[in-house]
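S.K.: What TrEMBL shows for this protein is this:
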TRANSMEM  A:27-46  transmembrane segment
TRANSMEM  A:52-70  transmembrane segment
TRANSMEM  A:102-123  transmembrane segment
TRANSMEM  A:130-153  transmembrane segment
TRANSMEM  A:178-199  transmembrane segment
TRANSMEM  A:229-254  transmembrane segment
TRANSMEM  A:266-291  transmembrane segment
TRANSMEM  A:303-321  transmembrane segment
Amino acid sequence: MTELEAGRAQGLAPLRGGSVLQRYRDVLIALVAFAVLASLPLLTGSKALLDFVIRCSAYGLFATSLNLLVGYTGLTSFGHGMFFGLGAYSFGLIMQKLGVPIPVAFVATLAITAVIAAVIGAICVRLKEIYFAFVTLAFQMLIHSTILSWASFTGGDQGLRGGISRPVFLGIDLANHVHLYIASCALLILGLLGMRQIAQSPFGYTLRMIRDNAARASFLGIDVWRAKLTVFVLAALFAAMGGMVMALFVSGAYPEFAYWTISGEGIFINMLGGVSTFLGPMVGTVLLLLLNDTVTRFTEYHGIVLGVVILFFALGLRKGLLDFVAEWFSQRRDAGEGR
Amino acid sequence: MLEIRNLAKSFGGVKATNDVTLDFPDGSLTAVIGPNGAGKSTFFNLITGALKPDAGEVLLDGVDLAGRSPPEIVRHGIGRAFQVASIFKSLTVQETMLAAVSADQRSSAMLHKRFPLAETRDRAEHVMELLGLAGKRHRTAATLSHGDQKLLDIALALVLEPKVLLLDEPTAGMGPEERWRMIDKVRELWDTQKITVVFIEHDMDIVFKIAPKIVVLCYGRILATGTPDEIRNNSAVIEAYLGTEHAGAAA
């Protein structure tokens, strides 16, 4: 009896401390990452490098939010880019037309995105795999054509021109390049922390159950539809955050931000980096942007090169880069345990 | 007490469940047998909400659950395991149990805390011990043996602390020795947990040995109900299903 209890306590001990420790560890990693990124302007005067990090922030938020759907829930959305575009346009329009402080526009954009995502999600998440993929794609095209045809409001195919005014708030001047850089990094780190919390919460494990076996989840008393809708809206919010970073970066918004190719790039990033780890999409983002920037410098046929890389990852590896690393580590651990 | 009243379900012209009325008293252990296509699985699916009945009632302690959704019926206390182990292949045994308890405690939508919640541990631990899965807690479900996957499936149902546990062929796909181990486990669970257990089984030796009460389904109807001896000697059952192998002489 005592032996049994001892065994039980042993099994539980690492578990009990584990979940709390894990949270502190994540916050610590985030702080270190932010400190490193924030000190970059002190070390280098390269504007191009800082621009690169800002773009990584925008795309990284977007791609990681897509992974909440694809990797964690098994919902392969082909239209997730609509929320990237929606974020950029909502934010840009609110700043241009209303001239409110930036934090107000930020929150208002998230609210608008939540409402629209809830409506679109309510229609889409009931659908099975391929239908879900294509109906989300259809909604993306709908939003894209609305932006194109409602020229008086959105600027049509010219986009939101004339720049987005960036009034100073709390001593932060986003018209200043370094301020914008630090703000982008902060949004990226906060966004990643938020999504990490979602992934590691009880809700995150509900998502994994739905991905593995939705029917069984419902026989455990889980409302599958509601959980899918919730994650659809949450993912849309983080994608919109990415869109806002982009809008601030280019000081405008363009129809390409809402075009289906953005969704395609998101999927590609997830394939590159891998969907089985939380940071896979972040690694994929850096890889894709690096690849894109270097290849376009050397050849005008960059589409061919990118296509070959896609084929290599999709057909050759059948998984993303971090998937490989994670697998290697778990194999080593298993070998170490002597199994 | 689980009472089934005039339950009916048709697929096209086929009456898969035809006017079935049955009582399962609290704490009873019942085997459901019948030839292939007799409507055994359909019967389970109707009770658990996987299918909606055309007519009839499913009363659990007087509350009619017929036609409600699976999550609702589970919350009222009817748990089930599946013929083909229905598990979460990428979760570990321990994660599976903890997540199931979370679902039962209505914290499965919680965002602001980390998984697993402290209050889910004792129940998860208890059921893992009960089914002998505690030593395999860190194994990913997909890597478990077939038998352990079936046990995990049953553990998933059991961890919700159901009043009624429906087991759809707990021994499906197992070798002879493994079968007996599994069915001894089922019997032990029934003994110790004091819950109502209904199970579908094809192996007549197992059924006659451990089930105090047997229900025979045939073409969606109840052909007979009774103790093993009554069933063994029932001429209609012998003719439709048993043949002479298990017939009266053996008793």
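Backbone N, Cα and C define each Cβ position, glycine as well.
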S.K.: Ranking A:27-46, A:178-199, A:266-291 by the number of C-beta pairs under 8 Å to the transmembrane segment (A:229-254), which range is first?
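M.R.: If we count Cβ pairs closer than 8 Å to the transmembrane segment (A:229-254), A:178-199 scores highest.
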S.K.: Checking distant contacts: for the transmembrane segment (A:52-70), what same-chain residues at least six beyond its ends satisfy Cβ-Cβ under 8 A?
M.R.: 37, 40, 76-77, 80-81, 83-84, 180-181, 184-185, 187-188, 191-192, 195, 198-199, 207, 231-232, 234-239, 241-243, 245-246, 249, 262-263, 265-267, 269-270, 273, 275, 278, 280-282, 284-286, 288-289, 293
S.K.: For the transmembrane segment (A:303-321), give me same-chain residues lying six or more residues beyond its boundaries with a C-beta closer than 8 angstroms to one of its C-beta atoms, as numbers and ranges.
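M.R.: Same-chain contacts beyond the flanks: 268, 270-276, 280, 283-284, 287, 291-292, 295, 327.
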